[in-house]
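Q: Dropping the structure in here first, questions after.
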Amino acid sequence: MTSDNLTSSNSGSDKANDPSNAIDSKLSEDFKANTDSAPPSAMIHMRCLIVTQDASIIIGKGGSHVNEIREKSGARVMVSESIPGNPERILNVSGPLDAVSKAFGLIVRRINDEPFDVPSVPGSRAVTIKFMIPNSRMGSVIGKQGSKIKEIQDASGARLNASEGMLPGSTERVLSVAGVADAIHIATYYIGNILIEAQERMPSSNTSYRPSSRRPQSGSSSSYVPGYNNTPYGSSSQHHNPPQQLQTQQIYIPNDLVGCIIGKGGSKINEIRHMSASQIKIMEPGAVGVGVGGAAPSGSEGERLVVITGQPANIQMAVQLLYHRLEQEKQKQLRAQQSSSAST
């Protein structure tokens with residue numbers, strides 16, 4: 001599949017000239033014709049490791065670059081905060097599958113300083129995206145004797161490589177995807193589609209990798225202590241209860257932002273509960289989450305445990321809404337600080 005086959009024949013509009021939109025259309029047609037796979041509107045949250053230098057490029061001055069990627073893709077894109085002594089940060093992209101895959105194509109273009117509206121050419125520089133995939137899902141991505149990886153490579157032109165070992169303190173492995181922007185866009189769509197199908201067939205438990213410079217606490221089950229200060233995506237552990245098809249996800253948020261989550265008279269938390277159709281409990285200070293096998297890393301000092309229970313898709317929506325609210329408050333505080341500094 002080459003970029004030439006994916007460009008639109010209608011050159012009369014910006015949308016038609018956007019190679020990402022042409023790829024979206026082509027991918028949707030292929031999946032409708034050849035499979036009963038998840039539709040492009042299916043929701044997904046994909047995470048990858050990026051070096052701090054690339055993170056700065058993706059974010060841009062005052063968030064200009066990341067805001068443009070969000071606007072053009074329709075996906076939610078967030079980058080974890082930099083941790084002293086750790087060269088990598090976590091890039092979180094969530095939303096409908098077609099929007100998420102398009103966002104990764106735009107992210108590669110931004111890293112390469114390439115225009116968003118021009119198809120990749122043979123001379124385009126290849127970029128490697130290091131996706132973090134639950135170990136329980138890696139087999140589905142690889143396929144029998146590597147058949148799925150070969151299929152994705154043939155369809156996208158990207159090169160895929162799955163790590164053998166899991167990331168420290170987690171049940172995730174790295175899936176490296178190397179290619180030009182359009183290749184990454186297409187490969188991400190195929191990978192995301194496999195992950196959505198696998199999750200629908202059998203929801204699973206996963207402990208997410210959290211980069212950290214802190215030493216493990218005594219008695220902690222993980223070297224990577226979760227926390228919103230490390231990454232806006234908190235600590236998460238999921239448990240599957242087969243008879244009721246319910247899962248529980250646990251995240252930690254900073255105490256000083258609990259108020260913005262609850263809202264006046266509980267208005268914000270009730271709105272998120274209603275929109276996500278899930279149960280959300282903000283625990284008392286000092287409460288510790290329960291992980292698989294009874295053990296879970298505790299939050300750092302000044303963090304509060306939040307427990308979300310519901311159907312997998314509802315939990316995902318609740319988590320997105322909670323993090324969006326936290327991000328809004330962080331941006332509000334940042335603007336207030338900048339305004340205060342400018343006036344002094």
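For all residues, glycine too, the Cβ spot is worked out from N, Cα and C.
Annotations in TrEMBL come from automatic prediction, not curation.
Since we're looking at a predicted model, the values are computed, not measured.
Found this in TrEMBL, in case it helps:
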type     : residues : note
COMPBIAS : 1-23     : compositional bias 'Polar residues'
REGION   : 1-24     : region 'Disordered'
DOMAIN   : 42-112   : domain 'K Homology'
DOMAIN   : 125-196  : domain 'K Homology'
REGION   : 201-245  : region 'Disordered'
COMPBIAS : 208-228  : compositional bias 'Low complexity'
COMPBIAS : 229-245  : compositional bias 'Polar residues'
DOMAIN   : 245-327  : domain 'K Homology'
Q: Using DSSP, how many residues in the domain 'K Homology' (125-196) fall into helix, strand and coil?
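A: For the domain 'K Homology' (125-196), the helix, strand and coil counts are 37 helix, 20 strand, 15 coil.
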Q: What is the pLDDT of the domain 'K Homology' (125-196) when averaged and given as a whole number?
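A: Computed over the domain 'K Homology' (125-196), the mean pLDDT is 92 on the 0 to 100 scale.
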Q: Under DSSP, the domain 'K Homology' (245-327) has how many residues in helix, strand and coil?
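A: The counts are 40 helix, 21 strand, 22 coil.
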Q: For the domain 'K Homology' (42-112), jot down how many residues DSSP puts in helix, in strand and in coil.
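A: Tallying H, G and I as helix, E and B as strand, the rest coil: 37 helix, 22 strand, 12 coil.
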